[in-house]
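Take this structure first; my questions come after.
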Amino acid sequence: MSDNSKTRVVVGMSGGVDSSVTALLLKEQGYDVIGIFMKNWDDTDENGVCTATEDYKDVVAVADQIGIPYYSVNFEKEYWDRVFEYXXAEYRAGRTPNPDVMCNKEIKFKAFLDYAMTLGADYVATGHYARVARDEDGTVHMLRGVDNGKDQTYFLSQLSQEQLQKTMFPLGHLEKPEVRKLAEEAGLSTAKKKDSTGICFIGEKNFKNFLSNYLPAQPGRMMTVDGRDMGEHAGLMYYTIGQRGGLGIGGQHGGDNAPWFVVGKDLSKNILYVGQGFYHDSLMSTSLEASQVHFTREMPEEFTLECTAKFRYRQPDSKVTVHVKGDKAEVIFAEPQRAITPGQAVVFYDGEECLGGGLIDNAYRDGQVCQYI
């Protein structure tokens, strides 16, 4: 049996149950474990309590319980520059960004990884639900987490081979209830702490209120595709393609009580397009264009790939054909897809393996660009 005590693993600890159990398992496996709390956002909740302070207390309690050293490191500047500014620019451009994808790429597996290396780390570990498999030649494959409902490879799809080679995901083979059970059996103080939800820098706060602090809203007209005026929208950045709630129009227009959905945007005219029906024609597309396309393993500059893809988190895989050229790709769907949203990630899979992904620029319906931005 290999001597793990000579291998130093630096664990990103958030104060949640997943990262707590990650540290616990590595410690039990004999690794030299250090816990790091990342402070990425200067945050107070509606009661004036700094949530990061509360989370750090949980990290300290768990680290003391399992007997590992811990540090707190501040990445607020890196986070602002590399994640928040990106997200704000995407919202201004009428797109719907996925800050968690960028946070993993730029903070958790770049700024944090670099910092861990200064502590003499051989690996970093996080509480993500994903797996890594290592070939004899050293190539690392990123595989889906065993818990299908919790699998987080979608958010990890921009990680590079170099980043993955330095990464461990100890929870990848576990299901969430097993993780909670391990925390309870070990008496960890975070065993019953509820999971955090929402965008990493917004947390539980009201999204609309948060965004309006940083980006001035520009109300405009809400219209149907055939030109009927449906009232005013609050600002295009507050709406995403395919969204149902928050339109304030119900079934009052005409006799049809079918629900209304956001079916398009025109940034240049500041118009929000709405339509009735979950599968409204304007919501359906047959292909997309992506940029910032990246693979977790070395691939040719130009190639075609038959695989499956996800266009949003927790969506079932769909069969696609991907034509890759440099960091751009055309993705053709085997079946029409609903609400393909510019700014979101498209992520490619070959069975269990996450191959990588890109950011959606445009959706197309039979060769015609969809009016989504």
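Cβ coordinates come from backbone N, Cα and C, glycine included.
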Of Met38, Met117, Met142, which does Swiss-Prot put in the ATP site with Gly12, Met13, Ser14, Gly15, Gly16, Val17, Asp18, Ser19, Gly127?
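Record source Swiss-Prot; matching candidate: Met38.
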Across all the protein chains here, work out how many other Cβ atoms are within 10 Å of the Cβ of Ser14 (ATP binding site).
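Looking across every protein chain shown, the total is 23.
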Here are some binding-site residues: Gly12, Gly16. Which one has the most Cβ atoms within 10 Å of its Cβ?
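Checking each of Gly12, Gly16, the winner is Gly12.
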Over all shown protein chains, what is the count of other CB atoms within 10 A of the CB belonging to Cys103 (active site, nucleophile)?
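So the number of other Cβ atoms within 10 Å of Cys103 (active site, nucleophile) is 26.
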Using all protein chains in view, find how many other C-beta atoms are within 10 Å of the C-beta of His128 (site 'Interaction with tRNA').
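That number is 25.
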Measuring CA to CA, name the entry from the recorded positions Cys103, His128, Gln344 that ends up nearest Ser14 (ATP binding site).
His128
If one looks at the chain holding Met38 (ATP binding site), which residues at least 6 apart in sequence have a CB under 8 angstroms from its CB?
Gly12, Ser14, Val73, Phe75, Ile107, Lys108, Phe112
Going by C-alpha distance, which of the recorded positions Cys103, His128, Gln344 is nearest to Gly16 (ATP binding site)?
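It is His128, whose Cα lies nearest.
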